[in-house]
């Protein structure tokens with residue numbers, strides 16, 4: 001109980017002192033909240049809308065949330081309980097890269113964030129180069145990954161089927177590169193072929209290994225040698241491991257920028273420069289005032305300016321580190 005009271009006080013202080021970034025056309029969005037006081041039960045209160053920023057701030061200060069979400073969709077009546085009565089008007093295109101969904105599992109929180117960063121860089125490069133997307137924002141999720149919000153008008157009206165095609169293109173789900181003796185005419189196949197052609201042009205050793213040349217990939221009718229080479233080439237480095245259901249869902253709830261992630265105490269933070277961004281420094285929401293916590297097991301922790309081993313028992317930590325461990329369930333508040 002003491003730990004929850006401490007956490008509620010800290011979250012309330014954060015929201016009283018900091019502005020939270022309301023989404024575009026927020027009056028047409030559904031909001032959802034997980035009350036902190038109900039933790040560890042994850043109880044979501046949803047189908048909520050706001051007419052003003054003042055109303056929103058009053059709500060979160062009187063109902064301190066552990067998590068805040070908003071809908072990717074725009075609605076005529078966002079507060080309606082039944083989805084079919086909301087009046088769907090369109091939805092932002094959302095991408096979620098979470099370290100938990102990557103094929104290689106990280107051994108630490110820090111490594112997970114590094115892996116997610118590499119993946120988000122691949123994603124945004126393809127979105128710009130292949131889709132011509134310019135109006136998008138990158139956010140650190142507050143957890144183990146990143147979100148991309150695309151606001152380009154031409155994507156707003158896409159249904160789930162069209163969004164799944166984008167997922168297939170990015171993840172290369174069964175691209176069917178070769179059909180009989182010709183290259184498939186799908187966007188995913190073209191993406192793979194462009195990648196292979198570029199690799200062949202860059203690396204003569206690959207040309208020798210596969211026994212084909214870049215020009216062979218431009219021929220209308222393919223030889224068996226070219227087909228075999230294309231089909232056995234490893235394209236895994238080209239696949240981007242986005243969370244498919246998030247992108248395909250036209251009514252998805254996504255974390256609100258500027259809000260706190262209840263399982264880390266980190267802030268959902270806009271990323272201006274992905275190269276230099278360090279979530280364990282740049283997404284800290286709390287100060288460095290000393291807080292005493294009780295730790296149950298030996299830990300290695302690197303966050304903010306703190307780095308080192310932590311042993312079981314009473315430990316004095318900077319506030320941001322204490323909140324992080326408490327939210328993750330690795331420590332309890334000890335007054």
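These residue numbers are counts, starting from 1, taken along the chain as shown.
The backbone N, Cα and C atoms fix where each Cβ goes, and this holds for glycine too.
Some features that Swiss-Prot has for this protein:
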- 96: active site (ACT_SITE)
- 98: active site (ACT_SITE)
- 243: active site (ACT_SITE)
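Residue 98 (active site): 19 other CB atoms within 10 A of its CB, across all protein chains.
Residue 98 (active site) sits 7 Å from residue 243 (active site), taking the Cα positions as reference. Under the three-state DSSP scheme, residue 96 (active site) falls in the strand class. Distance between Cα atoms for residue 96 (active site) and residue 243 (active site): 5 Å, as a whole number.
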